[in-house]
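J.: Sharing a structure, written as structure tokens. Questions coming.
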Amino acid sequence: MQTEAVLEHHSGSQSSGRTGSKSWQYSDLMEKVDGYLMKYTNLVTGWQYRYFVLNNEAGLLEYFVNEQSRNQKPRGSLPLGGAVISPSDEDSHTFTVNAISGEQYKLRASDAKERQHWVSRLQVCAQHHTEAMGKTNPPLQSRSLSMASQGSGSSPGSQHRISQNSNALLGLSQLQRGSSLYSSRKSLLPDHLLEAREMMTQAQGQHRDLIQSIEGLPSSQGPSPLDQDLLLLKATSLATMTCLSDCLHILQLQQVARQKFPLSGPALEWLEPKLPDILKNGGTLPSITKDDGKTEGAVLEPLEMDSCDIVLEQEEIDATQEVDDSSPSEEEDLGAVEEERSVILHLLSQLKLGMDLTRVVLPTFILEKRSLLEMYADFMSHPDLFVAITDGSSPMDRMVRFVEYYLTSFHEGRKGAIAKKPYNPIIGETFHCSWNVPKEAASPTGIPKEGSSCASDCYNVRFVAEQVSHHPPVSGFYAECQERQMCVNTHVWTKSKFMGMSIGVSMIGEGNLNLLEHGEEYTFSLPSAYARSILTVPWVELGGKVNVNCAKTGYSAVITFQTKPFYGGKLHRVNAEVKHNPTNAVVCRVQGEWNGVLEFAYTSGETRFVDVTKLPVTRKRVRPNELQGPYESRRLWQHVTESLKERDMDKATEHKRFLEERQRKEERHRAETQTPWRTKYFERKGEGWMYYQPLWKTAGQSSSSVPSPQNP
């Protein structure tokens, strides 16, 4: 084999025995590699240091909690036979190890040099064990390849296996030099793809020769294998080959999809959708007059390119114009899922496991009728629990009250169990609302007593949200109750990933609750969300650990949202512990369902129950659409929302595309004029975003509305 010849040349071996030469050559490259790397875990939504060991002989990448525990059983291991090791394009420190089973490790080294060292050694080990696996177990390859050509494999399980095996067999480090490996695909792939595969094989061989030549350089004289220019050459070559392999992989998946799921009508355009000519200049959709005389269709608000500065203007918020929200509290069933099944299957065939869905345009019929910014506001639907946090008589009581408010917020925020996707906010989009919360004089029903004035008998909680970034998509939202001297500021980056038959959404960011009366600040994170069963009736579950901390009081809480096990188990389970850190004493434990009954058990023996479904919901107050600014969520998306209510998906798609294309035009205009983007209500602070005029800055001011920078 050519690979053996290259290895033999660089090792100086004169042996002609292929088996002995191969064993000796690989052992010569079996450098001991171990050390600390940061490992990313989706459920924890964060990075953790772990001690990794490359077991060259077994072909395993193992990790331990720390170096001292390496003599114990590994916390986890990944087989490298058939694995793909790829440097990430996120930064110069991150890389991924994708096993043939579909499991993935996302790792981060301390610097680019250490990453290159790990990647190189892992690739050598993966190549050796992949080739050994192919020699000792050839039926495995033929079975994996034959799966892609079976005409009956249209089930979700078979689609998942096709994706996994295709991804593994098309990986950069697993390409075989012989053309016989691809003979079973001749009935599936057109001739031009087979020719492209042969060219890829030749290019891969040249890339492998280059890598081995560089790594075989003696370190005593001449350029070192760790020379910066040579490292750059290796990285450039690898990136080029990875890109070409991914492109060919996409073409093959599309060919599989065409043979398995032929679609009638035009192909689904899920990237950069084209805009109908009638909408390109802010035109109108055709109006249809119904029998009752009402006109269907509306004029889309045009935006000329020279008026981009309108985004920088802030809305005039008059609290007296707000009215109780009358929109439905629940979304309708997804009755269109079965009808649109072929569209979903075609879309899924073009996605790769772990693919970031940020720039993927999903079908309109899965949208719910609100923006993501408004969804964040709906998490405040129990404002009475929010303002009651500061009433706690002790630091422990206030921490428990915060945990109670936090756990009860997700049920109403989701608008039911059906997994629908809110609109992706466009940059500069905002949402404003408020809640009137009855004071102690209010009746037990939560409604002010007869004859009372809400202005005097209610606390007012105000909310503002803004989409501060487009790539990555980051939202900032802020709420305050001036009379109770409390406010909360949060920034969230939603990152969606395709996970086979489900979609995972990581909520990356942090929130800060300030109780000015007590001088306390609570920091907290957010759980991940998962849309399951996307081919049937999608449903939502939450997963991951959330940490809540108050540095001043020493109290903290760990909240764990549990995803349902594959077999058995209950849905939507959650548990939490409130702890006093200086004494390490747990003062309260919580268990139950975040959309059902929660049990609070105190160490004193007291127990109480909270039924989330029976909590009173306070309707938010929103200004009518006609009084809102052009970039406020409800007015901005009003035509899409109306079309969805009428179940006119074609019209909803056209309106949605108009807004997306207008956003692209604005982005191009700013790039051409070198105009930096300026936010309205939030300012960049380190890695996060902070409301520009939080309550702790304006505690002495009295205002019934969110102020603006022009009139602070």
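Each Cβ is built from the backbone N, Cα and C atoms, and glycine gets one as well.
TrEMBL does not curate its annotations; it predicts them automatically.
Not my notes, these are from TrEMBL:
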- 1-22: region 'Disordered' (REGION)
- 1-11: compositional bias 'Basic and acidic residues' (COMPBIAS)
- 12-22: compositional bias 'Polar residues' (COMPBIAS)
- 30-127: domain 'PH' (DOMAIN)
- 132-162: region 'Disordered' (REGION)
- 141-159: compositional bias 'Low complexity' (COMPBIAS)
- 647-674: region 'Disordered' (REGION)
- 647-672: compositional bias 'Basic and acidic residues' (COMPBIAS)
J.: Looking at the domain 'PH' (30-127) alone, can you tell me the average pLDDT?
T.: 85
J.: What counts of helix, strand and coil residues does DSSP assign across the domain 'PH' (30-127)?
T.: 19 helix, 41 strand, 38 coil
J.: Go ahead and report the DSSP secondary structure tallies for the compositional bias 'Basic and acidic residues' (647-672): helix first, then strand, then coil.
T.: 24 helix, 0 strand, 2 coil
